[in-house]
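Record features, source TrEMBL:
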type	residues	note
ACT_SITE	Ser194	active site
ACT_SITE	Asp348	active site
ACT_SITE	His378	active site
DOMAIN	116-258	domain 'Alpha/beta hydrolase fold-3'
DOMAIN	303-381	domain 'Alpha/beta hydrolase fold-3'
TRANSMEM	7-28	transmembrane segment
Amino acid sequence: MLLIFNFFMILLQILIISFALLITWAIYCDLSKSEIPPGIDQPMKLRILNWLLILASFLGKILENLHLCTEIHFYRYIQEVKRMGEDPKLDIRDLVFEDIPVRVYQPRGPRERRGVIYFHGGSWMFGSINSYDRLCRYIAKESDSVVLSVGYHLAPEEKYPSQYKDCLTASIHFMKTAKDYGVDPACIVISGDSAGGNIAASVCQALVTRSGIPRPLAQILIYPGLQAIDFNLPSYQQNQAIPILYRENVIGAALRYLNKDLSVLESVMQGCHVPRDMRMRFGKWISSENIPSEFKVRGYKPPMAASYEDNLYEVVKQALEPTFSPLMVDDVVVSQLPKTCIVTCEYDVLRDDGILYKKRLEDNRVPVTWYHIENGFHGVISLFDGFLSFPSGKKGVDSIITFLKDL
């Protein structure tokens, strides 16, 4: 018995030491790679969150090397949460629209309401209906809207543009059957955050050019990624090392979404994939010159002109399609878009994508409501409540609620 006891005590000590080393390593990685500006919301809490993300990534790599599961699947597993219980104010149903899982959040009471179609974020590879359950419940209850959360199939198992097609298919199905869910077909809003915001922008562009379905009432784009031409805009430079989304992770996620090799990441970051004629054509829309000067005060250095590589363009040219880069769609489409709410965060690499789209919409006389969270960072909307909550996240969500109520 004593021998067994000693064995377990040694094992416990090894586990404690290993855990301490992992924590130390996570802190080292955070301090050496990350930057937490003083103006950001609750900087220490953000550091703790970043440590947890670093640990998750490291453990995922270990499990992948042991051939137990992939890093992506491990990350999805720890992100997934159990569906919350019943809500006295909502009827909640899990359904399938043409093989696409969806969840409908319908406020109780027999009257027609607006509908909100929501596409979750997660770099096209992560996120789920369950991981966004709390947010969708909150939006449904606080705005008195029927919310449709779409569980589009994820990359890399499903290749681009499957995610866009899933969301478009689910949206059309919902719009055609809106009355079945107590929704006025003329009052449907397309929305999403991060990668989901990217998809929402593309889906809304597709919907306004289609006949036979109602026109979307509005779109809500929460810190969306909207272009793959310029990864050296001011926000990409200023916020390249700010958690929870680094500049290299944006490009890495895009390459995985397109099923491309990560070896081209550095060249894409420099802009070597963009032909000169394309850069000149879209430069009037996607340029640091269109970013207000107040967003350059934290430092911005105009990049050196990149040397175009034709073979690189052939590899990643899908990233320059409007379904991937909605900022590159023609004015004839932009001018048809509905009133728009754009949410940006100061400490987010994707900040300037939202600002550029705001200008593009306004130039085409599309009404835009812009909420800029001055102390926010990428992903903060999902952290609006709970243990690791941030006041800036709650402020952002409540701004969206206000926009919906004013429609």
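Here the Cβ of each residue, glycine as well, is placed from N, Cα and C on the backbone.
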- Query: Roughly how many angstrom lie between the C-alpha atoms of Asp348 (active site) and Ser194 (active site)?
  - Reply: 11
- Item | Distance, His378 (active site) to Ser194 (active site) (CA atoms, angstrom) | 8
- Long-range Cβ environment of His378 (active site), under 8 Å and at least 6 residues apart: Ser194, Tyr223, Ile242, Ile244, Leu245, Cys345, Tyr347, Asp348, Val349, Leu350
- Query: By DSSP, how many residues in the domain 'Alpha/beta hydrolase fold-3' (116-258) are helix, how many strand, and how many coil?
  - Reply: 60 helix, 25 strand, 58 coil
- Message: Let's check the environment of Asp348 (active site): how many other CB atoms sit within 10 Å of its CB?
- Response: 26
- Note on the structure: Within 10 angstroms of the C-beta of Ser194 (active site), the count of other C-beta atoms across all shown chains comes to 29
- Note on the structure: Across the domain 'Alpha/beta hydrolase fold-3' (303-381), DSSP yields 33 helix, 19 strand, 27 coil
